[in-house]
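Taking it in order: structure first as structure tokens, then the write-up.
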């Protein structure tokens, strides 16, 4: 055995084993790329595509290979009725992925949509984990009547299908916003979908956290801490919370994937992100009328969702493998 | 506080747990023992005999819903049963500390060993982080941990079993408790490390003046370490006395049978070690008379009523045999 000068904490060990997992590196890079691309949406719209993706541009033209081409092109059906937006040109300065039925640049909208979709899903995941951790830790640690009340509340929420729950909450709030006492959220605020999505996934995250806390509470190191005169507060902060933090970290990307799907579904149904703002869900909705003529309008955001969800799930699995402290110690000790 | 009171006096401790459907079961029945200053007492018994439950009752840590604890547990003359939670917590760690069988599971895996001892020190004493660490390193050194400064920066899984147990003992002793309860402290360790830890426990008494309640099922550990021994069987005290007297002339057939099941070091070895037939009764199916009677070679009619503890010499025994003038003979093995 080689003499080590530094001891490696569980976090350092986890980070090191993460950096050795190709799947973790790949999924993290994909996610980072998506975040950078979305963050660059205004730059792309202003300096590369030279369009305003929130203005309808039915009469506009684009310059492609030196020629001016109208964005909305006449149909070549027999009666030449109606207009079809231009398809993908694969040229960044001229509707890279084509235009939608209002003549707006789909590529620019896709990037703006990514901003909203990623922002909503990550904030919702964070809020959901915080709520679920509070509920799960309280239920698991205090047990008894607290546990019964919280668990039954979760069971009731669980009994309602999650999309049905989210849709009904959204429909109630989308027309007039939310006003509870001093709290007032406008109906087009992103806070609404964030709160709704966070709320509906709380039972899904709280249950594993509660289970983990219950087993931690029975663990010998908690008994040992009590034998040494530790207060409940100290046990909660020093023993339970650090040990449950790995569960929270593993849950976060998985919940974010679910939140992204829920956000897209709500936006697709026009009860999530409100027009003219974009999200991947609203772009899919824009594309559904063009599915036979200009399928890329719907396929592009669909692909973006699939790639993001896949990357988040792969990252979640990698985190789970990396953060199992005993598992890694056994592996590195062998 | 009473200056003449023994350090720990347990009198008629009975622990009753609910067994479902409104029934209850007495896990521990009328157990009494006492422990003086700077004394090591062994609490011996097989699994389920109630030794760990008695220890948890002393620590005030039995909080199963519906559990009832009757009798009296006095620490320096102060009644612990019914003491409020805050007072008990102040006592735990500072006056009474406990160590466990498996230090791997008794230490939090996410913090370094030193951090955990620092925390323990700082919870009971006003110390700076650096001051706590200095005391931690000092403590680990006193527990015989080589290179304590570096060991303090290790996580539990990076230490060997023996080092972990030393760290656990250092943590328990950090606030100089006058009573240390050691629940099978050597069971998870191999024999050489076991000897070192027992040696360490014996030194604690000299260096720190601590009393130790050593819970074990290993008669060898008791013989090596304890001044006095209490043998528990099925939640009852079977026998109590000075360790050497108990080993020389056990008065209870259960103690004798336990001692007989240890392989002799000298002389010819039996082909098969004698064993006690049957299994200890479940606490709910304990016979009304002597709990050992169904397995006892000397069982007779007089055993149908529960025997009370009778003094013979320095020992106390819950058996009718000595009173009937049929005391067990002294053992030959130890005199060799």
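Any Cβ shown, glycine's included, is placed from N, Cα and C.
A TrEMBL annotation is a machine prediction, not a hand-curated record.
In TrEMBL, the annotation transmembrane segment applies to A:118-146, one of the ranges A:89-117, A:118-146. From the options A:217-239, A:240-262, the stretch TrEMBL describes as transmembrane segment is A:240-262. Beyond the ends of the transmembrane segment (A:296-316), by six or more residues, the same chain brings 23-24, 26-28, 30-31, 34, 85, 87-88, 97-98, 100, 106-107, 110, 113-114, 117-118, 250-254, 256-257, 260-261, 264, 280-281, 283-284, 286-288, 290 to within a C-beta distance below 8 angstroms of the stretch. Using a Cβ-Cβ cut-off under 8 Å and counting only residues 6 or more beyond its ends in the same chain, the transmembrane segment (A:118-146) has close neighbours at 34-35, 38, 154, 190, 193-195, 197-199, 201-214, 216-217, 232, 236, 240-241, 244, 248, 251-253, 255-257, 259-260, 262-263, 272-273, 279, 308.
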